[in-house]
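Now, the feature entries from Swiss-Prot:
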{"type": "DOMAIN", "residues": "7-70", "note": "domain 'TGS'"}
{"type": "REGION", "residues": "253-555", "note": "region 'Catalytic'"}
{"type": "BINDING", "residues": "351, 402, 532", "note": "Zn(2+) binding site"}
């Protein structure tokens with residue numbers, strides 16, 4: 001940039017690595033990206049300035065932090081897929097004139113567009129639309145944003161575009177928005193807040209995956225539409241990798257493996273979304289619970305147990321009742337012997353119950369911090385279409401802890417909670433963990449409880465702790481809970497998928513609502529601060545993710561059956577049973593395969609069941625009080641004395657070895 005510009009004509013932009021560069025006022029995101037590097041300029045999709053996503057053409061007028069958004073980030077993928085939905089709509093309009101367009105968002109797995117057309121779309125149509133999308137990409141159409149009044153936009157979509165769905169959005173959803181935006185690419189225009197990538201040429205590879213029925217705005221009484229799904233990428237290589245990952249994910253599906261490995265079941269007689277744990281699954285679940293309980297005990301947590309239901313007034317006080325009312329089971333209504341009506345809820349959250357335990361007796365500043373913990377089951381009435389094995393259920397168990405502390409203890413306690421969460425993920429083999437600092441949406445503060453001063457303090461506390469722990473976090477505006485900001489931990493599994501798991505949250509709101517106090521050194525009452533903390537989150541969901549991450553090949557310490565004893569023939573059954581008993585006496589979970597099958601068949605079946613170790617016993621092993629050791633997926637490990645083999649197993653178990 002020119003060095004002759006006066007200081008008043010320059011702005012300072014801070015890059016993610018901390019570098020500060022001077023640019024002329026009005027510099028665009030594209031120009032900033034180009035000044036950093038040619039490759040970055042090619043990959044750039046948008047910018048993030050002042051915490052908000054903007055088009056590359058956005059003119060920057062003031063100092064601030066800037067980030068160049070590429071497809072590598074979650075925000076970049078969402079933007080890329082949203083832009084791709086616009087390209088799909090343009091292709092459909094060119095191929096099937098008269099089609100009207102509803103909503104076309106990005107979703108976690110790509111994008112879709114709801115369309116209204118007399119034409120019934122087929123698989124062959126999808127291939128034709130794909131080809132037209134790539135042809136539009138080759139046109140290199142510039143994608144341009146136009147801002148105009150809501151009234152002008154209504155007129156535009158009534159007369160020039162003749163799209164009743166966009167008119168309805170403008171007259172209803174955006175009725176209080178004076179200025180709206182339209183994006184143009186060639187002859188196609190769409191109502192959208194953006195941002196979008198700068199040219200249709202950014203689309204390099206696309207696959208339209210399916211068609212389903214939908215209703216306008218999700219209302220079955222409204223017009224039926226066709227929903228066309230797709231996914232797109234900046235290269236054909238990434239597209240192929242994506243579908244390869246999908247095939248691998250099918251093999252790892254926890255619902256499939258959960259049935260094959262006899263871990264859990266869901267019975268329609270019991271109810272949708274209510275999993276039942278079979279013996280092997282219960283062992284896996286109990287091992288995870290014991291692991292965390294033991295670690296928490298070492299770190300000063302106190303166990304509590306609370307009921308599965310609570311008086312509705314409890315959740316009105318906490319604010320959970322109005323906040324979760326759409327996803328709760330209906331209240332249970334009872335009339336007592338005096339004719340008084342009472343209502344109870346299946347517990348949607350453990351927090352209010354723990355607050356009652358805290359306030360059950362006077363607390364002193366010397367008592368704090370108090371760390372209460374519970375594996376507490378909670379209930380949410382999820383829609384049937386959203387249920388998914390263990391990942392999305394109606395009854396689930398949270399590893400819920402609430403830490404009550406003084407303000408001067410807060411940052412250290414947050415750090416300790418972060419350390420525990422990191423320890424859990426490391427032990428379970430999640431090596432790649434991202435952290436998101438989930439803050440309020442500054443544009444919509446009305447949906448959060450508590451005053452501004454409290455929120456500013458809570459967000460600063462979390463930032464201080466995250467910095468102290470040297471977390472490489474990113475900011476998630478609008479991702480906070482209604483009663484406090486939080487740190488969310490996002491893990492990447494064995495096939496590259498991201499999952500949001502553990503949470504650490506600061507809460508100044510609930511102590512006020514429940515009038516929680518402690519007596520300070522000055523003899524006066526003070527409010528404690530509450531930290532909500534759950535490394536697993538939902539235990540059911542965590543196990544579902546764990547099953548898929550390990551593809552059912554659990555580390556020895558978690559495996560429901562750790563050793564299968566395989567006698568070569570019936571002649572060695574007695575010795576096999578003595579081996580089994582010694583394993584059981586040593587605290588090792590073992591079974592014996594006494595079927596009259598050849599040992600090769602027994603080995604194959606144990607491999608299918610994903611049992612970590614197999615001890616094969618025959619005449620030679622019996623004579624030497626030894627076992628022939630086989631490792632799942634690794635094969636023969638040689639013959640060794642039984643006691644040595646037991647010590648090997650015990651070491652794997654005690655060290656919680658992953659592989």
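Each Cβ is built from the backbone N, Cα and C atoms, and glycine gets one as well.
Taking the features listed in Swiss-Prot, we show where each one sits on the structure.
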residue : record              : DSSP class
351     : Zn(2+) binding site : helix
402     : Zn(2+) binding site : strand
532     : Zn(2+) binding site : strand
#### Entry: Predicted model, mean pLDDT over the domain 'TGS' (7-70)
92
### Task
Would you mind checking how many other C-beta atoms are within 10 angstroms of the C-beta on residue 532 (Zn(2+) binding site)?
24
### Query
DSSP helix, strand and coil counts for the domain 'TGS' (7-70)?
17 helix, 27 strand, 20 coil
### Task
Around the Cβ of residue 402 (Zn(2+) binding site), how many other Cβ atoms lie within 10 Å? Please give the count over every shown protein chain.
25
#### Entry: For residue 351 (Zn(2+) binding site), the number of other Cβ atoms found within 10 Å of its own Cβ
24
### Message
Using the Cβ center of 351, 402, 532 as the Zn(2+) site position, which other residues in that chain lie within 8 Å, going by their Cβ?
### Response
349, 350, 354, 355, 400, 401, 505, 507, 510, 530, 531, 533
